[in-house]
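Chemist: Quick one: the structure is below, and I'll ask about it shortly.
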Amino acid sequence: MTAATREDVTAADDRVGAKGSVRLLLARPEVGALIGAVVVAILFLSVAPSFRSVGNLGTILYAAASIGIMAVGVSMLMVGGEFDLSTGVAATASGITAALTAWNFGLNVWIGVLLALVFSLAVGAFNGWLLMTTGLPSFLVTLSTFFVLQGANLAVTRLVGGAVSTPRIDDMDGFASAQAVFAWEVTLGQVRIKALVVYWLILVVIGALVLQRTRIGNWIFAVGGDSAAARAVGVPVKVVKIGLFMLVGFCAWVLGMHLLFEYQVMQSGEGVGKEFIYIIAAVVGGCLLTGGFGSVVGGALGALIFGMTQMGINYAGWNVDWFWTFLGVMLLLATLVNLYVKKKADAR
């Protein structure tokens, strides 16, 4: 082989390698969300001067974290082939449980916090158990849970506290220490970072590692792709799905505790409609409604897109009602992009 021939072969190999890298990138579930995040950031950096302020970065991240903390659990659940329509009211129910048990029985606030954790995990476990026992679709199971929790949130809060919000518990034993855990904040230069942002990022890292680097992650993908085939090769399908619903319950507990100790009260009607935003964030991040495909990082990027949009519309002085139009457009575009990415991934 002559030197010229060797150079031609090397150049051809480089081109093939470059094309392979592009195909590999396009097959990643979060690529669409990454592109969307860049586009949204450029848009609001261009039209909203306040969006460019370093001091507002913390506010944007907090808006993203308020969605993203739930998008972690929802993304993993959707990869596992299910989704949960009770997530918004479940977070509210968690905060109400902690506040009302502590206030009504005169308990240390930490006891209410722990009871709320047990309650949230139990709701998730019940959803998963009922789903696996009856074979009903998760849409019906979790929609039923949504109505049960929403009714209980309104009725119990009014029954115990006599109002639509929980009584203030900031003067009770344990409140200060619980607030220091769930609602602290730190200032880095001009940026004020709230606890929820840090907890969100921690959960994203842990969720991504579990999904991509562990046997449990392989089980989740297998269960979401084909439950029957997964069961045939020894994957504990029932345990995996119940565990995923419990993870969503845990995320709801974290969000509920932050909201309670950030604002000292919980509004009983809070959370209604948020479940769709969490699901849309996961879909924008590359998760398919059919399961077996998606990523936690993509869900985080989806939450970041909505956080930037929510605050960007406000900073630009636009009518906030456009946010809902944006949600619909992003959901449609994300669905189309996800189908394209899934085809690329299947072709690898």
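From the backbone N, Cα and C atoms, a Cβ is placed for every residue, glycine too.
A TrEMBL annotation is a machine prediction, not a hand-curated record.
TrEMBL feature annotations, pasted as is:
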type     : residues : note
TRANSMEM : 31-48    : transmembrane segment
TRANSMEM : 60-79    : transmembrane segment
TRANSMEM : 110-130  : transmembrane segment
TRANSMEM : 136-156  : transmembrane segment
TRANSMEM : 193-211  : transmembrane segment
TRANSMEM : 242-264  : transmembrane segment
TRANSMEM : 276-302  : transmembrane segment
TRANSMEM : 322-341  : transmembrane segment
Chemist: Can you see whether the transmembrane segment (60-79) and the transmembrane segment (136-156) are touching - at least 3 CB pairs under 8 angstroms, only pairs 6 or more apart in sequence?
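Modeler: Touching, no - the transmembrane segment (60-79) and the transmembrane segment (136-156) miss the threshold of 3 or more Cβ pairs under 8 Å.
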Chemist: Which stretch, 193-211, 242-264, 322-341, tops the Cβ pairs under 8 Å count with the transmembrane segment (276-302)?
Modeler: 322-341
Chemist: Is it the case that the transmembrane segment (110-130) and the transmembrane segment (242-264) touch, counting contact as three or more CB pairs under 8 Å in which the residues of each pair are 6 or more positions apart?
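Modeler: Answer yes, regions in contact.
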Chemist: Please indicate, using numbers and ranges, the residues of the same chain that are 6 or more beyond the transmembrane segment (242-264) and have a C-beta under 8 Å from a C-beta there.
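Modeler: Long-range Cβ neighbours of the transmembrane segment (242-264): 66, 69-70, 72-74, 76-77, 80, 82, 84, 87, 90-96, 98-99, 113, 116-117, 120-125, 127-129, 131-132, 166, 168-170, 175, 178-179, 181-183, 194-196, 199, 203, 220, 270.
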Chemist: Six or more residues out from either end of the transmembrane segment (322-341), which same-chain residues have a Cβ under 8 Å from its Cβ atoms?
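Modeler: Residues 26-29, 31-33, 36, 276-277, 280, 283-288, 293, 302, 305-306, 309-310, 313 contact the transmembrane segment (322-341) from elsewhere in the chain.
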Chemist: Quickly jot the same-chain residues contacting the transmembrane segment (193-211) by Cβ under 8 Å, restricted to those at least six beyond its ends, or write none.
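Modeler: Answer is 58, 61-62, 64-66, 68-69, 72-73, 75-76, 79, 181-187, 217, 220-221, 251, 254-255, 258, 262, 295-297, 299-300, 303.
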